[in-house]
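Working notes, structure below.
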Amino acid sequence: MAKMNFGGVVENVTTREEFPLSKALEVLKNETIAVIGYGVQGPGQSLNLKDNGFNVIVGQRKNSKTWDKAVADGWVPGKTLFEIEEACEKATIIQYLLSDAAQIAVWPSVKKHLTAGKALYFSHGFGATYSDRTGIVPPKDVDVIMIAPKGSGTSLRRLFLEGRGLNSSYAVLQDATGRAMERVIALGIGVGSGYLFETTFKREVYSDLTGERGTLMGAIQGIFAAQYQVLRENGHTPSEAFNETVEELTQSLMPLVGENGMDWMYANCSTTAQRGALDWWKPFRDATLPVFKKLYAEVAAGNEAQRSIDSNSKPDYREKLNQELKELRESEMWQAGATVRSLRPERNK
Ligand SMILES: NC(=O)c1ccc[n+]([C@@H]2O[C@H](COP(=O)([O-])OP(=O)(O)OC[C@H]3O[C@@H](n4cnc5c(N)ncnc54)[C@H](O)[C@@H]3O)[C@@H](O)[C@H]2O)c1
Ligand SMILES: CC(C)(O)[C@@H](O)C(=O)O
Ligand SMILES: [Mg+2]
Ligand SMILES: [Mg+2]
């Protein structure tokens, strides 16, 4: 474990240099890892583990689209692909990667296979932190660990195939075997993490729920929609409004931020743009600060978790979500976006 200085605060991190894949393979050489669920994280984590040489099987409901997807991805029924309970029985490490709501419903079937010495692995602090709402209370004689990739399972797989890695946080909630820490770090390296930073289950779920509702997904759509509306109300065309709101950000400016930070992106824009951005970022911060404070309070009170449990436990939750995504897709802004994307020269090759 290395100590790294993050803007003046020293934190524990683990990198592939100090914990190479060979060490991870050695630590887990006698383990059977069952990845339960084959939605978004399931494929990314299980395929990365398999390609890295670990002993991994998949547990998924038969007669489901994702069972068929697992078969298409090369998992073999009866050999490396099983019904959820059968996979849990065979496993020494159960990676619980069902949706957070489904984890509640399926918990009794998983719990009965959590015999002494096994490890229960999550990719989110949700189930265990909000145990009063989820009912997920692991037995005391198993390790309870977490690797939470900080991004989509789709990116986890794509970056792995490019020889890169998505960063993940890690935590140990329960160390029953004395091996929980080496198990979790080895799994973090195994699923393809770029580096691992330390957290707790509670800190992970609070920050993750805030981030995805905030700047990563919710706030960004909100601020896009507000600017697009103002431009349209003032007579700008959809293509101009979309380009000035979204396309330039994703195609030109955010890659520069990702590469070298905000000041570097600013420095690569005109002095006119720099003057305006440096003047306006603080009013935007001040306007949104109360919303972020309210959001964090809702997360900490458990209200966001409860809302997610209630809506995503309904039988028709997928149809409802798809309907809301359709509304977003069919809004003028994102329809303009579809046309803009179709005009990117690389799409016409
Ligand atoms: N989506 C991501 O990229 C991402 C990123 C980081 C962490 N996570 C966390 O990883 C975990 C898995 O998330 P996900 O987005 O991959 O899940 P998901 O929503 O894609 O669902 C995963 C699987 O759950 C199955 N499932 C749904 N309801 C079920 C039920 N009642 N019984 C049995 N199976 C059922 C689905 O068939 C699917 O295979 C969650 O804890 C999530 O918070 C997800
Ligand atoms: C990919 C995200 C948003 O980081 C994850 O937290 C999720 O819930 O899907
Ligand atoms: Mg999340
Ligand atoms: Mg997240």
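Placed from the backbone N, Cα and C atoms, the Cβ positions cover glycine too.
Any TrEMBL annotation is an automated prediction that lacks curation.
Summed and averaged per residue, pLDDT over the domain 'KARI N-terminal Rossmann' (10-199) gives 98. Marked as domain 'KARI N-terminal Rossmann' by TrEMBL: 10-199.
Here TrEMBL flags 200-347 as domain 'KARI C-terminal knotted'.
Less than 8 angstroms from the CB of Glu244 (Mg(2+) 2 binding site) sit Gln227, Leu231, His236, each of them six or more residues away in the same chain. Residues or ranges marked as Mg(2+) 2 binding site in TrEMBL: Asp208, Glu244, Glu248.
The Mg(2+) 1 binding site feature in TrEMBL is assigned to Asp208, Glu212. Contacts of Glu212 (Mg(2+) 1 binding site) defined by a Cβ separation under 8 A and a same-chain sequence distance of 6+ are given as Gly218, in order along the sequence.
The substrate binding site annotation in TrEMBL covers Ser270. A C-beta separation below 8 Å, combined with a sequence spacing of at least six in one chain, links Ser270 (substrate binding site) to none of the other residues.
Proximity to ligand 2 (Cβ under 6 Å from any of its atoms) holds for these binding-site residues out of Asp208, Glu212, Glu244, Glu248, Ser270: Asp208, Glu212. In three-state terms derived from DSSP, Glu244 (Mg(2+) 2 binding site) belongs to a helical segment. Between the binding-site residues Asp208, Glu248, Asp208 has the most other Cβ atoms inside 10 Å of its own Cβ, all protein chains included.
Glu212 (Mg(2+) 1 binding site) carries a helical DSSP state (H, G or I). For the domain 'KARI C-terminal knotted' (200-347), the number of residues in each DSSP class (helix H, G, I; strand E, B; coil) is 125 helix, 0 strand, 23 coil.
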